[in-house]
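See structure below.
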C-alpha cells in the first residue's frame, strides 16, 4: 500500500513540475509562453492593461504610439527592449535614430507600467514583455484584434543606433527594401502587408512624406500614384519647406479606430506614406492581400494577430541572457 501511495505522490509531483517551474523569474525553457508570469506575478497582465487603458483614455493617439514601440524594438536586434535605454556613457540610445528621433513616444507610459509592476513583484516582469503586452492592449482598446502574448523575454544590456537606422523599414524605402528587411527577421509577405495595417491608427509627420507631394523621383514632380485631390489637401499643411513636425492621420477615414479602412484608402490611392502605397503599386501578390483585407476585416484581424505574435518572437533573450531591468531606461548596475 505504501509503495502505491509513494507512486501516486511521484506522479502528482511530476504533474505539477511545469507549474512549479513557471514560478521562476528565469525562462529556463528558452521559449516564450503566455503563462510565464502566472505564478511569479499573477497580476502582471492586468496591471499593464490598466495603465495602458488610462493612457489611451487621456490621449487616443497613445494606442498607436505604444504599438509602434514594439515594432521599433523588435526590428533592431530582437524584442529585447533595447529601444527603451537612454544614452549613458558609451551607450548611444536608439531613440536618437532617424526613425525614432522626434517621433517615437509613449516612454513615460512604459515607465508608469514598470513602476507599478516593480511595486507588485520586484524585478520580475521584463521591459521587453511590457512592450509586447502594451502593444496588444493598445490594439484592443482601438477596436482591433486580441491575441495571447507569449512571454518570458529578458532585457538587453546594450542598444544599437546603427541597427535602428538600418533595420527598421522607413517611409521612403522601396517595396523590395522593406520586404528584405522583413525577410531578414524571419517574416514574409503576409506579415509585411498585415503588419503594415497597424497604420490604420496613428499619425505621420510632414517630413516623412513631403517628397511625395513635390519631388518624388528627383524631377520636381509629385508622386503620380497619390490621389491628386488628396495631395492638394495635404499640401495646405505640409509645405515644401517648414512644418516638418506637422502631424497627419495615417488613415484619415477612421484615424483612431483599428480597422481595415487603411487598406481601402490604399486602393483609392490615398495611402499617406510611400511605404504604404507601394503595397498596391509595386507587387501583384501584395495588391491581392490589400484587396483581401479591404474586403474582409475579419481576415485582416486574424492575419495581423498571427503576424505580430511571430514578430514578437524575433530573437528574444531567454535563460540567463540579458537581465530584468528595474528601470526600463537604464541597465541594472
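From the backbone N, Cα and C atoms, a Cβ is placed for every residue, glycine too.
Predicted automatically and left uncurated, TrEMBL annotations should be read as such.
Annotation source TrEMBL lists signal peptide at 1-23.
Look at TrEMBL and you will find 31-332 tagged as domain 'Plant heme peroxidase family profile'.
Positions annotated as disulfide bond by TrEMBL: 41-121 (among others). Applying an 8 A CB threshold to same-chain residues 6+ apart, the list for residue 41 (disulfide bond) reads 117, 120, 121, 124, 125.
Summarising the annotation, TrEMBL assigns site 'Transition state stabilizer' to 68. Long-range Cβ neighbours of residue 68 (site 'Transition state stabilizer') (same chain, at least 6 residues apart, Cβ-Cβ under 8 Å): 104, 106, 198, 202.
Annotation source TrEMBL lists Ca(2+) 1 binding site at 73, 76, 78, 80, 82, 94. Neighbour list (residue 73 (Ca(2+) 1 binding site), Cβ cut-off 8 Å, at least 6 residues apart, same chain): 79, 80, 81, 82, 83, 84, 128, 131.
A 10 Å cutoff on Cβ-Cβ distances gives residue 79 (disulfide bond) a total of 29 other Cβ atoms nearby, all chains included. The disulfide bond annotation in TrEMBL covers 74-79 (among others).
A simple way to gauge crowding: the CB of residue 127 (disulfide bond) has 29 other CB atoms within 10 angstroms, across all the protein chains here. Feature annotation from TrEMBL assigns disulfide bond to 127-328 (among others).
Positions annotated as substrate binding site by TrEMBL: 169. The local packing around residue 169 (substrate binding site), expressed as other Cβ atoms within 10 Å of its Cβ over all shown chains, amounts to 21.
The heme b binding site annotation in TrEMBL covers 199. Within 10 Å of the C-beta of residue 199 (heme b binding site) there are 23 other C-beta atoms, taking all protein chains into account.
Under the heading disulfide bond, TrEMBL lists 206-238 (among others). The local packing around residue 238 (disulfide bond), expressed as other Cβ atoms within 10 Å of its Cβ over all shown chains, amounts to 22.
Neighbouring residues of the recorded Ca(2+) 1 site, listed in sequence order and excluding 73, 76, 78, 80, 82, 94, comprise 74, 75, 77, 79, 81, 83, 156, 159, 160, 163, 164 (Cβ within 8 Å of the Cβ centroid). The domain 'Plant heme peroxidase family profile' (31-332) scores a mean pLDDT of 96 in the predicted structure.
With the fewest other Cβ atoms inside 10 Å of its Cβ, the least crowded of the recorded positions 74, 76, 78 in this structure is 78. Of all the disulfide-bonded residues listed (206, 328), 206 has the fewest other CB atoms within 10 A of its CB.
Comparing residue 206 (disulfide bond) with residue 94 (Ca(2+) 1 binding site), their Cα atoms are 22 Å apart once rounded.
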